[in-house]
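Right, one structure below, let's go through it.
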Amino acid sequence: MKVLWAALVVTLLAGCRADVEPEVEVREPAVWQSGQPWELALSRFWDYLRWVQTLSDQVQEELLSNQVTQELTLLIEDTMKEVKDYKAELEKELGPVAEDTKARLAKELQAAQARLGADMEEVRNRLSQYRSEVQAMLGQSSEELRARLTSHLRKMRKRLQRDIDELQKRMAVYKAGAQEGAERGVSAIRERLGSLIEQGRLQALTSQPLQERAQAWGEQMRGRLEKVGSQARDRLEEVREQMEEVRVKVEEQAEAFQARLKSWFEPMMEDMRRQWAELIQKVQVAVGASTSAPSQEP
């Protein structure tokens with residue numbers, strides 16, 4: 001008989017020990033030390049959950065008034081919004097990254113984000129369930145409910161800690177991919193600028209024949225002007241009018257070429273203007289000599 005009683009006591013003690021889960025300290029995550037908005041929002045949720053887990057008189061009162069679940073709803077929405085915004089910000093910098101890599105990183109980060117959101121929702125739902133259970137007891141002892149809630153919250157905090165660690169890792173990988181994409185974008189810009197500079201150099205080389213044609217045209221015009229200056233004196237007035245028209249055209253065309261060729265054509269234009277002035281002077285001297293000769297005859 002004593003043996004049976006001893007066996008019964010041992011069985012009961014073993015069952016009690018199996019029901020009581022050993023207290024495991026939850027390591028406080030430090031992922032929000034970098035100060036990103038999504039990490040700060042997550043830290044507010046974590047601190048509030050740690051306060052709820054104390055199940056103090058104030059916590060009990062706010063749980064029964066639905067204030068805790070409402071506050072958790074706001075904290076969850078704020079956290080998920082900040083995570084989404086930060087992810088979108090990193091996606092903008094993933095442009096130059098290969099599409100398959102971008103899709104893989106996005107899928108992994110989305111999965112970590114979904115797990116965290118689901119576990120946060122489960123915490124809120126469990127607290128709402130506790131509120132309903134306490135109200136249904138109608139003044140009876142709720143110690144067993146509080147014990148179960150404490151155990152469940154402890155487990156959920158451990159799961160949330162793993163979710164946070166995983167999300168932190170995925171965010172770090174995503175950020176590294178964004179930085180790599182930004183560096184590739186800068187390299188592409190540098191290559192593009194180098195190509196444009198090379199194109200400009202080639203265009204400068206190909207524009208040299210145009211300068212040579214303009215110079216030949218100027219030489220041709222000077223030859224024509226010299227030929228006009230040697231014509232007969234009775235056509236002097238006509239020659240002057242033609243020379244004036246030619247001068248106007250030459251100046252207009254010279255200005256057009258000067259705008260297109262800029263510094264290349266300016267030295268040649270200055271030379272043309274100088275030779276033109278010398279030619280006019282020669283013509284005027286010749287004309288003056290021809291008009292003074294008859295007046296000196298007896």
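From the backbone N, Cα and C atoms, a Cβ is placed for every residue, glycine too.
In Swiss-Prot, the region 'Specificity for association with VLDL' annotation falls on 259-271 of the listed ranges 12-24, 38-50, 259-271. As stated in Swiss-Prot, the feature region 'LDL and other lipoprotein receptors binding' covers range 151-161 out of the listed 63-73, 151-161. In the three-state DSSP scheme, Lys155 (heparin binding site) falls into the helix class. A count of other CB atoms within 10 A of each Cβ picks out Arg157 as the most crowded of the binding-site residues Lys155, Arg157.
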